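Features of the protein shown, as given by TrEMBL:
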- 6-27: transmembrane segment (TRANSMEM)
- 34-51: transmembrane segment (TRANSMEM)
- 57-77: transmembrane segment (TRANSMEM)
- 84-110: transmembrane segment (TRANSMEM)
- 122-145: transmembrane segment (TRANSMEM)
- 157-175: transmembrane segment (TRANSMEM)
- 187-210: transmembrane segment (TRANSMEM)
- 327-424: domain 'Sensor histidine kinase NatK-like C-terminal' (DOMAIN)
Amino acid sequence: MIVFQLAEAGATFVETVIVELIIIRAIGAGIIKWRSIIGASGIVTLIILALNQCQLFSAITSVIAIAGYTVSVSFIYREKIAKTLLVAVDCMVLIYIIDFLVISIIGVVFREEKMAEFLTNSFSYMRILFLTFSKGILALIYVIFSRCFLSVVHFMSWKVWASVSLGIVLIYFLVENTLSNTDITSAFTWFLLLALIIIGAYSFMQYVLLVKEKSRMEMAEEGSRQMRENYESLIQYYRDRQVFFHDLKNHYIVTGSYLKRNEYEKAKNYMEELEDLYPEEPIQKWTGIEALDILIQCKRRRAEIYGIFVEVISDVIQWKLEEREAITLVGNAFDNAIEACRKMSPGSQWIRVTIRNVYEMAFIKVSNSCSREPEMLNGRFLTSKKEKAMHGFGMTSMKLIVDKYEGVMNTDYRDGVFTLTISFYNEL
């Protein structure tokens, strides 16, 4: 009897660990926390074993097992129950299909029509054989698909739940049929159902990959557009300076002619007109990076056109970021702040940009007045711009740059102020 109990405990523990690993992969929870997973699996295993002492293969045991899988992963990874529940139910459906496929095969091999009833109601060496094969197949399926699982939480909908519900009803009738008569027909039916599940899962994963690739392409296109806009601002600045110096030659000729004729008053008046026409606007060296300083100047000028007060506080910096990456970070942060401020009433619009070096750490902090907390969808801020399909990737492109340098990007909204903070290790 002890051998049977140990086999049952081992199989249940392996099953629980595999299911929790599948859930973690499916929801994209991140790094596997082995100690926590093993501990939680042990607790769920003890609960299931206690229930199995009353009745093997009971519906209540399956429901409690699903609850155990869901709560364990949700608690360990601080995920919402809704994220893990659907995957847990799917896993239980998969377990039933595998179990009854193995039961049907064993029944056909040993020519026992009541094999399903025998294996699901009593402990025996035959049940140990069944547990070994069924959990082995479950482990094999996990190994094959573990690297294919992606974060699919945002695909959850009533359609998916409807499909799972229909699947549960179908499995219920198949289980009843197999319990009453275990033959080659039931084995083939379970095999066909498992094959359909695997093909469906693979097709769904390919669809997810396609959607993610499309999203990546859109993000790259948006990143290119933003980069183009930022560099166009720089190019326009240099063009303005070229026009100024080109016109300066003509102004010099006019002023020189006045001076040669001793018409000093006319020369003075003409110079005053030039001052009004071409007001001096020297580029302030906020960061010491010329392209970045020009970008800040252009963004500041654009914000002030909308009546937005802009304050820039910066150290002279030396970053390990490439110039285009620095422009992307600061340019996108400025654009988002300007867009938010434009929704505010006049007199309450302001932006504060802080760029600092502290020892070997670099910090970028952009705060702005904001009428309400920005809305997010799938990790991206929703934009109010008209071409919504081509926007909303600014924060994502910034996050990619920050991740490249193993930095941290945080956002916060409090009391009408939105703050974006970026920090990264800046050892050159």
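Just so it is clear, glycine is given a Cβ too, placed from its N, Cα and C backbone atoms.
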Open item on the list: Is the transmembrane segment (84-110) in contact with the transmembrane segment (187-210), using at least 3 Cβ pairs under 8 Å (sequence separation of 6 or more) as the test?
Closed with: yes
Open item on the list: Using a Cβ cut-off under 8 Å, which residues of the same chain at least 6 positions beyond either end of the transmembrane segment (122-145) come close to it?
Closed with: 1, 3-5, 7-8, 11, 14-15, 18, 21-22, 56, 94-95, 98-99, 101-103, 105-106, 110, 115, 198, 201-202, 205
Open item on the list: Which sequence-distant residues neighbour the transmembrane segment (57-77)? Criterion: at least 6 residues beyond either end, Cβ under 8 Å.
Closed with: 16, 19-20, 23-24, 27, 29-30, 33, 36-37, 40-41, 43-44, 47-48, 51, 83-85, 88-89, 91-92, 96, 120-121
Task: Average model confidence [pLDDT] within the domain 'Sensor histidine kinase NatK-like C-terminal' (327-424) - done: 80
